[in-house]
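Listed in Swiss-Prot for this protein:
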SIGNAL    1-13  signal peptide
REGION    14-39  region 'May be involved in polymerization of ComGC'
MOD_RES   F16  N-methylphenylalanine
TRANSMEM  16-36  transmembrane segment
Amino acid sequence: MKKMMTFLKKAKVKAFTLVEMLVVLLIISVLFLLFVPNLTKQKEAVNDKGKAAVVKVVESQAELYSLEKNEDASLRKLQADGRITEEQAKAYKEYHDKNGGANRKVND
């Protein structure tokens with residue numbers, strides 16, 4: 001019996017308790033909840049800036065088209081002429097739909 005007690009004392013292993021593990025998981029989950037919404041906001045901001053850049057490209061291509069052809073440019077004409085892609089036209093429409101289209105210079 002004495003040998004068994006000494007063996008158990010020697011075999012005692014240091015480890016984390018369940019409460020400590022739960023506290024760590026709680027802290028990690030709180031940090032996760034704080035950072036994820038910020039990441040989605042940043043992604044939206046980057047997408048908006050990218051679409052704003054596309055708007056400038058489309059408008060400059062429309063101006064060049066108008067100068068060369070002496071007629072008003074439209075998104076369809078610019079696409080048919082190969083000056084912009086379908087994705088650029090879509091981004092142009094989405095940008096103006098989201099921001100109220102008051103300053104829209106190129107029609108469909």
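Glycine residues also receive a Cβ, built from the backbone N, Cα and C atoms like all the rest.
Along the region 'May be involved in polymerization of ComGC' (14-39), the predicted structure has mean pLDDT 90. Taken residue by residue with DSSP, the residue listed as 'N-methylphenylalanine' is part of neither helix nor strand, so it is coil.
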